[in-house]
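Feature annotations, courtesy of Swiss-Prot:
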TRANSMEM  42-62  transmembrane segment
TRANSMEM  66-86  transmembrane segment
TRANSMEM  103-123  transmembrane segment
TRANSMEM  131-151  transmembrane segment
TRANSMEM  154-174  transmembrane segment
TRANSMEM  178-198  transmembrane segment
Amino acid sequence: MAKSNEIKAVLTSPIISNNPITLQILGICSALAVTSKLENAVVMTVAVLFVTAFSNFFISTIRNYIPNSVRIIVQMAIIASLVIVVDQFLRAYAFSISKQLSVYVGLIITNCIVMGRAEAFAMKNKPIASFMDGVGNGLGYGVILILVGAFRELFGSGSLYGFVILPLTSNGGWYQSNGLLLLAPSAFFIVGGIIWAVRTMRPDQVEPKE
């Protein structure tokens with residue numbers, strides 16, 4: 001029972017109480033760049049979740065055989081291999097989304113969340129716990145991406161996942177789209193607003209004053 005509770009805590013903690021974006025301020029670049037559409041945000045979420053979970057699992061499995069002097073190189077090799085798998089899969093089965101995500105799929109290799117969990121958790125814990133930690137951090141990252149992507153697409157173009165929700169005036173509807181929300185700077189303010197909201201509701205996440 002205790003072990004089950006530990007696994008549950010590892011899985012759920014990164015989603016709210018220890019979210020990699022709202023608390024640790026990691027993975028911000030892709031959160032700004034790929035959230036102009038909900039579809040892109042969902043695909044990036046799945047990609048990061050897959051890479052984080054399986055890189056944690058594989059690194060944890062061989063952690064006792066990795067020389068300390070080359071551990072970062074080994075971690076990056078495993079992460080890069082998984083990113084290549086994701087990139088080739090998207091090119092084969094979702095080419096249009098792959099083109100929209102552009103270099104940001106490849107840049108998962110350098111995502112602070114992926115590297116951070118490999119070094120801080122997978123190198124010190126067993127494979128199953130490490131896998132669940134990767135899933136949890138991928139979900140925590142994805143929750144923010146999906147919130148930002150949904151907000152930007154809905155109020156920026158009046159649609160969600162390509163389906164019209166707010167009919168645009170240009171098409172005879174009533175909603176005047178806000179083009180600013182489709183630009184990357186808007187994501188910066190939305191993410192900032194989410195961080196503010198989370199820390200207002202959870203004062204324990206506010207950094208102490210110096």
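Positions of Cβ are set from backbone N, Cα and C atoms, glycine also.
Residues of the same chain lying 6 or more positions beyond the ends of the transmembrane segment (42-62) and with a Cβ under 8 Å from any Cβ of it are 27, 30, 34, 74-75, 78-79, 82-83, 86, 90, 94, 97, 101, 104-105, 108, 111, 113-114, 117-118, 121-123, 125-127, 129-135, 137-139, 141-142, 145-146, 149. Using a Cβ-Cβ cut-off under 8 Å and counting only residues 6 or more beyond its ends in the same chain, the transmembrane segment (66-86) has close neighbours at 47, 50-51, 54-55, 58-59, 105-106, 108-109, 114-115, 118-119, 123.
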